[in-house]
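Novice: The structure is given below, and queries will be raised subsequently.
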Amino acid sequence: MVEATKKAFVTGHPIKHSRSPKIHGHWLAQHGIDGSYEAIDVAPQDFAEFIAALQANGFRGGNVTIPHKEAAFAVAQRRDQAAEEIGAVNTLWFEDGVLRGGNTDGHGFAANLDDCAPGWANTGPAVVLGAGGASRAVIQALKQRGFSDIRIVNRTLARAQELRDRFGAGVSAHGTAATDELLADAGLLVNTTALGMVGNEGLAADPALLPDHAIVTDLVYVPLETPLLAAARARGLKTVDGLGMLLNQAVPGFEHWFGVRPQVTAELRALIVADLVPKP
C-alpha cells in the first residue's frame, strides 16, 4: 500500500505574505519527502470549522499565525509548556489522535541567538521593547535561559504591567520615559515592536547608551538591517537580525509532521533573503 502524501499547512488572515511554504518546501525537497505544506487563508469566523476538518482533509498538523494563535490555544486538546506560559499556539499536530498545540516562537528566538551570538544568555539584564504577543514569546525564552532581570518597555505601561504580572519574578514594567536609564547596564536589547519595518522607520531606543558588551536583536526582518540594528552596528555592538527566528521556529513543526528534524543552513537563509527583495 502506498503511503499518502504527508500534508501540513500554515493558516492566518491574511496569509499570502508568509514565507513558511518556501521554508518547508526547501526541507521537503532536501529530504526527499513526499509531502506538502500550503498556505490557507482562514477568516476568524471560519477557524473552528477549519480545525475540525483537519484530519478528514488529511492534514498531520500545521502552523497558525495572526490572528489565530489564541484560538489555536483554546482548541488544542494538549499544550506544551511554552504554549501555556505564552498563552498562544503557533504549531498544531496530531499525536495518537489527540490535537496537540505548541509554541515555537521562543525556541526560534533563542536558537537564532545561539547561532549568531554564542554566550548571549550571560550578558546581563535584558531590555525588551514592546508588550505584544511577540514580547511574550521572548520573555518566556529569556526566563527559560535563566535571565533574572527582564525589563519590559512599552508606550502603554498597563500592557507591560500585564506581562510583568503574567511572568512574575525577575520581570519589571516600564514606560518609554525610562528607556535611556534602563539601557545603561543592559547586556541584551530586543525590539519586538513593528518600529523599524519598511514604512514604519524609526528608533525605539538609542543603542549608543548600551555598554560595549551588549547584544542588540530585532524581531523585524524586512528590512534585514533595521534602523536599530544599523545604529547598534555603527556603535560597534554585536547585532542579530530577526530572520533566524523565523527559520528556527519552523524546525519543531516540520519534525512533528514529517518525522525528520531539519537544519537551518546558510543555503536556506539565502533562499529566504532572496525572497525578501522586492520584485520589480
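Placed from the backbone N, Cα and C atoms, the Cβ positions cover glycine too.
Keep in mind the model is a prediction, meaning the values are calculated, not measured.
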Novice: According to Swiss-Prot, Gly130, Ala131, Gly132, Gly133, Ala134, Asn154, Arg155, Thr156, Leu157, Ala158, Arg159, Leu219 bind NADP(+); which one of Gly108, Gly196, Gly236, Gly242 is annotated to that same site?
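Specialist: The candidate from Gly108, Gly196, Gly236, Gly242 that Swiss-Prot ties to NADP(+) along with Gly130, Ala131, Gly132, Gly133, Ala134, Asn154, Arg155, Thr156, Leu157, Ala158, Arg159, Leu219 is Gly242.
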Novice: Per DSSP, Ser20 (shikimate binding site) is which: helix, strand or coil?
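Specialist: DSSP assigns Ser20 (shikimate binding site) to helix.
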Novice: If you measure Ala134 (NADP(+) binding site) to Lys69 (active site, proton acceptor) at Cα, how many Å is it?
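Specialist: That separation, Cα to Cα, works out to 11 Å.
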Novice: Among the binding-site residues listed here (Gly130, Gly132, Arg159), which has the Cα closest to the Cα of Ser20 (shikimate binding site)?
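Specialist: Among Gly130, Gly132, Arg159, Gly132.
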Novice: At a 10 A cut-off on CB-CB distances, which of the recorded positions Lys69, Arg155 has the highest count?
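Specialist: The most densely surrounded of these recorded positions is Lys69.
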Novice: Would you measure the largest Cα separation among Ser18, Arg19, Ser20, Thr65, Asn90, Asp105, Tyr221 for the shikimate site and round it to whole Å?
Specialist: 19
Novice: Where among the binding-site residues Ala134, Leu157 do you find the Cβ with the fewest other Cβ atoms within 10 Å?
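Specialist: Looking at the binding-site residues Ala134, Leu157, the Cβ with the fewest others within 10 Å is that of Leu157.
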